[in-house]
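Q: The structure is given below, and queries will be raised subsequently.
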Amino acid sequence: MGITGMVYVVTMVFLLIVLILSSSTVGYDYFQFTQQYQLAVCNSNRTPCKDPPDKLFTVHGLWPSSMAGPDPSNCPIRNIRKREKLLEPQLAIIWPNVFDRTKNKLFWDKEWMKHGTCGYPTIDNENHYFETVIKMYISKKQNVSRILSKAKIEPDGKKRALLDIENAIRNGADNKKPKLKCQKKGTTTELVEITLCSDKSGEHFIDCPHPFEPISPHYCPTNNIKY
């Protein structure tokens with residue numbers, strides 16, 4: 001190998017090291033705990049869901065996020081402790097793959113690799129990631145369906161005002177603003193997702209930043225939101 005070739009190899013190795021180091025230092029400022037309404041998710045899918053959807057909000061994911069963006073993803077794994085099988089029956093209930101429940105594990109693995117790996121040090125390892133989600137949804141009562149139900153907002157297909165939905169969620173989230181995602185199907189706007197946001201420690205609710213803009217297909221209008 002000539003001098004030119006050696007210089008090229010050294011340069012490429014250096015750039016690779018820089019890339020690895022930069023990817024491992026991508027930070028996050030807060031967590032998004034996003035739950036999806038199964039019925040609306042299946043309505044949005046071109047291929048019918050393999051199983052009948054429940055009229056429930058279940059977990060989409062817990063995502064370390066950046067105020068300034070972009071959000072971190074696919075970060076280096078620092079501590080190896082695989083997901084314990086004893087967690088899986090609970091995860092199957094609160095965190096199903098709505099499109100195909102026979103592929104729950106693939107869904108969980110994807111969420112861990114893309115998002116959970118970036119939650120260090122708050123999220124220590126894979127098992128801790130899933131334990132944290134179970135705790136948030138059940139022990140910390142961040143189940144969006146129950147929060148709405150307490151405010152007498154049930155999944156009966158009625159059309160709701162945005163403010164009524166937001167206020168109901170605020171009552172269960174220390175008066176912090178959630179992030180709502182909607183979709184338009186024909187002339188009907190459906191509520192698809194609700195996100196609760198917490199600080200970097202995952203212990204304290206914060207107002208969710210970055211709401212969908214009016215030009216977004218996921219923007220929720222002030223009235224006539226079907227749930």
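Cβ atoms here come from the backbone N, Cα and C positions, even for glycine.
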Q: Among Q36, Q142, which residue shares the RNA site with H60, N97, V98, F107, K110, E111, K114, H115 according to Swiss-Prot?
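A: Answer, per Swiss-Prot (RNA site with H60, N97, V98, F107, K110, E111, K114, H115), from Q36, Q142: Q36.
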Q: Going by the disulfide annotation in Swiss-Prot, which one of C75, C118, C220 is bonded to C182?
A: C220
Q: Check for me: which candidate out of C49, C75 does Swiss-Prot give as the disulfide partner of C42?
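A: Record-based pairing for C42: C49.
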Q: Considering the candidates C75, C197, which is the cysteine that Swiss-Prot reports in a disulfide bond with C118?
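A: Between C118 and one of C75, C197, Swiss-Prot records a disulfide, namely with C75.
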Q: Within 10 Å of E111 (RNA binding site) (Cα-Cα), which of the recorded positions H60, C75, N143, C208?
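A: Within 10 Å Cα-Cα: H60.
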Q: When you rank C75, C118, N143 by Cα distance to C42 (disulfide bond), which of the recorded positions ends up on top as the closest?
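A: The answer is N143.
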Q: I need the most crowded of these glycosylation sites: N45, N143. Count other C-beta atoms within 10 angstroms of each C-beta and give me the top one.
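A: When each Cβ's neighbours within 10 Å are tallied, N143 tops the list.
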